[in-house]
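Enquirer: I'd like to ask some things about the structure below.
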Amino acid sequence: MKVRRGALRAALALALLPLLTPAGAVEPISLGLAIAGAAASALTGFISYPRLYCYFRECCLHRHDRRAAAALQETLDRRLFGQHLVSKVVVKAVRGYLNNTNAKKPLALSLHGWTGTGKNFVSRIVAESIYKKGLQSKYVHQFVATLHFPHAHSINLYKDQLQSWIRGNVSICPRSLFIFDEMDKMHPGLIDSIKPFLDYYELLDGVSYRQAIFIFLSNAGAEKITEVALDFWRNGRTREDIQLTDIQNALSVSVFNNKNSGFWHSTLIDKNLIDYFIPFLPLEYKHVKMCVRVEIESRGYAVDEDILTRIADEMTYFPREERIYSDKGCKTVDAKLDYYYD
């Protein structure tokens, strides 16, 4: 009996192999891919051995919810510096959402702060905590405003394509993750096209979006965040004293009224569909040194304290008089290490 079952499994595996070969690369905004994905999803419904299928191909929600939250917490604790608010809010928001079996709407997080403070890093870690392939997962979809939506005269076309893309991919995998980078460069009004998917609807045309996650990244609001951080510093209080309530409301208002933001007078903000506006504080000298140390270690080199200090000293800081915060965060650390080590 065992031999027969083993032979049956082997035969089934061989029969499935032609169906499990990777699909070719397709442009990010593509209704055709959504249709193809729907066809693939329908096909897998007829496969009676889902575990076998998932052995060969990545499946929707690859990791258990608790494992995803634990992986997110561990990585942020180890690799994210100077962002106590981010670590606390992102972990709680994602953990609570993944464990909620009856969410009323998708999770929507908006990450704000200067370049180099960790916004892209955190979105990547969220993706990796849920899917083993991270940003390379077919269930994670990343949009860059200047790349995918470059022309103002095509905004209506972009709206239709974006809706089709989200609808098609959530139909395939309810736990899809959508990341919108450079929201401060997106054409105003474009992001409002996804408002129905973020709202409190049980179903839209037979599709539920309540398990999806949307993350927005933007430099807009960075001035307001810095203003609050400086006020705390000048009053002799530490950055760790800053609470989300000290910034979040002012941040959302600042972004909403910023004409250079894709969220300018957006219905997503007006209708309170963004669950959290998460501020990334500007990084201080000590945080830059932490970034340099981790990068050196990740390359397999012994840490040279002299080189570490020189790299941190080469960064430029603001305000001009106090020189507290790095104006590029940790963004250029990697390039500077190339000069010293490679």
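Heads up, the Cβ atoms here are built off N, Cα and C, so glycines get one too.
Here TrEMBL flags 1-25 as signal peptide. Annotated transmembrane segment per TrEMBL: 35-56, in sequence order. The feature ATP binding site is assigned by TrEMBL to Gly113, Trp114, Thr115, Gly116, Thr117, Gly118, Lys119, Asn120. For 283-340, the entry in TrEMBL reads domain 'Torsin-1A C-terminal'.
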Enquirer: Including all protein chains shown, what's the count of other C-beta atoms within 10 A of the C-beta of Asn120 (ATP binding site)?
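Expert: I get 17 for this one.
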Enquirer: Beyond Gly113, Trp114, Thr115, Gly116, Thr117, Gly118, Lys119, Asn120, what residues of that chain have CB atoms within 8 A of the centre of the ATP site's CB atoms?
Expert: Phe121, Asn219, Phe280, Gly329, Lys331
Enquirer: Could you check the binding-site residues Thr115, Thr117 and say which one's CB has the most other CB atoms within 10 Å?
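Expert: Of the binding-site residues Thr115, Thr117, the highest Cβ count within 10 Å belongs to Thr117.
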Enquirer: Between 0 and 100, where does the mean pLDDT of the domain 'Torsin-1A C-terminal' (283-340) sit?
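Expert: Its mean pLDDT is 92.
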Enquirer: Neighbour count, 10 Å Cβ-Cβ cut-off, for Gly116 (ATP binding site): what number do you get?
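Expert: If we count other Cβ atoms within 10 Å of Gly116 (ATP binding site), we arrive at 22.
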Enquirer: Using DSSP, what is the helix/strand/coil residue split across the domain 'Torsin-1A C-terminal' (283-340)?
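Expert: The counts are 32 helix, 5 strand, 21 coil.
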Enquirer: Taking 10 A as the limit, how many CB atoms besides its own sit near the CB of Lys119 (ATP binding site)?
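Expert: That number is 25.
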